[in-house]
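A.B. asks: Residues annotated as active site in TrEMBL: Glu145. Summarising the annotation, TrEMBL assigns Zn(2+) binding site to His144, His148, His154. Summarising the annotation, TrEMBL assigns compositional bias 'Low complexity' to 618-720. Positions annotated as domain 'Peptidase M12A' by TrEMBL: 55-248. Positions annotated as domain 'MAM' by TrEMBL: 255-425. The domain 'MATH' annotation in TrEMBL covers 423-577. What TrEMBL records for 597-720 is region 'Disordered'. Under the heading signal peptide, TrEMBL lists 1-20. Annotation source TrEMBL lists transmembrane segment at 745-763.
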Amino acid sequence: MHPCVFLLVSLACGLAPLLAHPIVKDEDIDITEINKGLDLFEGDIKVAAKTRRRRSIRSEQHRWPLPVPYYLDRSLDMNAKGVILRAFEQFRLKTCIDFRPRRWGEQHISIKNDTGCWSHVGKEEWKQDLSIGSNCDTVATVEHELMHALGFWHEQSRYDRDNYITINWENIEAGKEHNFKIRTNDTNSTMDTPYDYFSVMHYPKNAFTNGNGSTIITKLPEFQDVIGQELDMSHYDVEELNKFYGCNESISFLDQCSFDDESLCEMSVCSRRSQGWRRVSRADGGPHLDHTYLGTDSQGTGFFMHFSTKRGSVGDSARLQTRRMTPGRSCKIQCLEFFYYHSGNWSDQLNIWIREFDGVDDIIGTRRLMSQIQGSPADYWKLHHVPLNATKTFQVEFEARKGAGSSSGGFSMDDINLSETECPHHTWQIRNFEEELSTSPNNSFLLSPKYYSADGYRYQVMVLLNKDYFGVFVRLVSGINDDWLQWPCPWRQVTFTLLDQNPHIRKRMSQQRSVTTSTALSLRECFHNPRIWGSLQNVSWTSYVNKGYGYGSFMPAAKLGSREFLKGGDIFLLITMQDISPLRNLSSLPCPSMKGKTFSVSPLQQTDDDGPCGTQHSSTPTLMSTTSTPNTTTSTTSTPTTTTSTTSTPTTATSTPTTTTSTTSTPTTAISTPNTTTSRTYTPTTATSRTYTPTTTTSTTYTPTTTTSRTTASSTYTSTTTSRTTASTLRCDNIFSVTCYKIEISPGALVLVTLLVFIWGMLCKPCCCKKKRSVPSAENMVFMQMQEN
């Protein structure tokens, strides 16, 4: 078992007394059950008389302006407020629909805590109510009600539904038959999308049942347990919503790549070694399958990017760069997510940089180190998140570096996603989860590592194992900050997300649930100081733990196969503990902040930052090999020679190779200052959070140096031993210097040009001399006048 996971197995092992029985939050209940007894149309729709008479939902007057104005009523439960904001983020990620707090006197959606979960359909009222009541505080339920407000009816009321489902009228509760009425295409347009069993707007199979069986039977049996899903908006929900509002662009999505296409998603590659990043379908030392199709029945061949550290010299490196992107949201935060496989040496490094550009004329940019992966290799894919804080046009660079020691593989990457959202705070990978679930005794627990929240609370996640289902809880643990923290722990929302490992973030339908800490006396055993209310834990040192709080039935075991929750037998729980206390009086939260981290790049770099790959050679991505045969598009040889400056100045100014970077929410503004020589210095400013330690200007000769020929699909870049042309030399202050121009003149061409100039001069000499003789000079004119006198 993974060392970070501990299995506590019932009373037989004598560990049960260490776990106080967790407190179970209200379990998930279907909307039709929550609203039972309420006089609502189709179970959750408030219908005014004018809505019943409405002939069309296509009218502009029934669509909300974008962004949609909203207000969070003070009656809402705090957990519901946080969940509503998370639902907004899903709309921003998947669709072109955005939301913002209302302005005074503006028509808006007022979200409140009334009895049940319900909404109007389309824009109707000046202050249009939408209820998120008790047990309605899940992302899927909020999305469902917001879809109504945005103008959508239920999926099974489509005019063509009888081609896909059968209604068992005899199983419907008496008096509820009207909830299964078919709407015409005029009042419930399909927007030319296919019938969607996965729609978040579809009834479950037992909606309004009288207890005699299911009320809805799917024509395709494999979807019988899919309808009524409570995960997230489906792909066709998103397509239909975007078509309805006439827009396509996501608010927060930036980029995605699974490397299935040879274009590498407009990425570029460059290296200081013989091979570099390569697009492969398998790699020596692993992995033997890409992550995209891991564990699926796909007959196609998947690809991923691989950097081998089996051969080469210490310090060999290669970069894989994304295209340039510009943040568009007011909160300048981004989240980079990717899967990686580390089969190399523990000293190998994968460094993740961002490079920001000041404008179109800035071809170099400013580079900051944001994250680093190194350590013990593993024989399985892992998930990594990198919080970013780019404030201007930027690109991401993945730099792999070979460390010391032997290696049987290297670094591999797949399924990259980048969005303008906050990253989850922690990722818990549970290995062989399906096996654990089926073989562990009922009511046993898996415990996560212990985490710290951004403001210092220590906590742990517990997974309750039963053969038919599993639960998820959080418990507070004593930590180093307890003496100065506020107790009881107030208004911290913990969100558990069981990741749907679909390679594209916009197509995922993950299971997401949240709980919020409270100051209520009834929950003091959960959220008060563990040193006072907790029990002593003897498993790892001497810490105190509180009772857990969460969901006893987070997901049925049978649902694990409904999406890509399992890959390679593993699941990922994404965990976030967020302070939502501002929502007590406001309808939104402040922008997230990032804490600084320090990284060291090693082995020592041998040269400065050369700028983006496109400034060294063609930005066209190198054509990559799709087999495990070493790529031969680049060649490197080491020649023990002495480098000289490209000008009369014999020294080269460089920054020292070791880089230490501290990333904070304050953007880095370190500037590369070019001059007429090949020197390059980093000029620090008071606004920068990046530090080169130490930064010096030294006279440097490279002995030996490396002669490298880099060949791409469209051009060749050559670095010789007599000149070192970096991206910084392209910015030249002396326009008369040859180095200012991207022209390489061979000695033969230079001799030819000189010869042509000489011949031209000889041919022109008689003409020029004749002209001079035909025109008397001033002295001759005076002499001629004297002769005449």
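The backbone N, Cα and C atoms fix where each Cβ goes, glycine too.
So where do these features actually land, and what's packed around them?
C.D. replies: Under 8 Å, Cβ to Cβ, and six or more positions away along its own chain, Glu145 (active site) finds Asp44, Cys117, Trp118, Ser119, Leu130, Ser131, Ile132, Cys136.
Sequence-distant contacts of His148 (Zn(2+) binding site), defined as residues of its own chain at least six apart whose C-beta falls under 8 angstroms from its C-beta, comprise Asp44, Ile45, Ser119, His120, Val121. DSSP classifies His148 (Zn(2+) binding site) as helix under the three-state reduction.
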A.B. asks: Taking the Cβ of His154 (Zn(2+) binding site) as reference, which residues of that chain separated by at least 6 in sequence fall under 8 Å from it?
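C.D. replies: Expected: Glu42, Met201, His202, Tyr203.
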A.B. asks: Same chain, not part of His144, His148, His154: whose C-beta falls within 8 angstroms of the C-beta centre of the Zn(2+) site? Give them in sequence order.
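C.D. replies: Close Cβ neighbours, site residues excluded: Glu42, Asp44, Ile45, Ser119, Glu145, Met147, Phe152, Trp153, Val200, Met201.
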A.B. asks: Using a 10 Å radius around its CB, how many other CB atoms surround His144 (Zn(2+) binding site)?
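C.D. replies: Its Cβ shell of radius 10 Å holds 25 other Cβ atoms.
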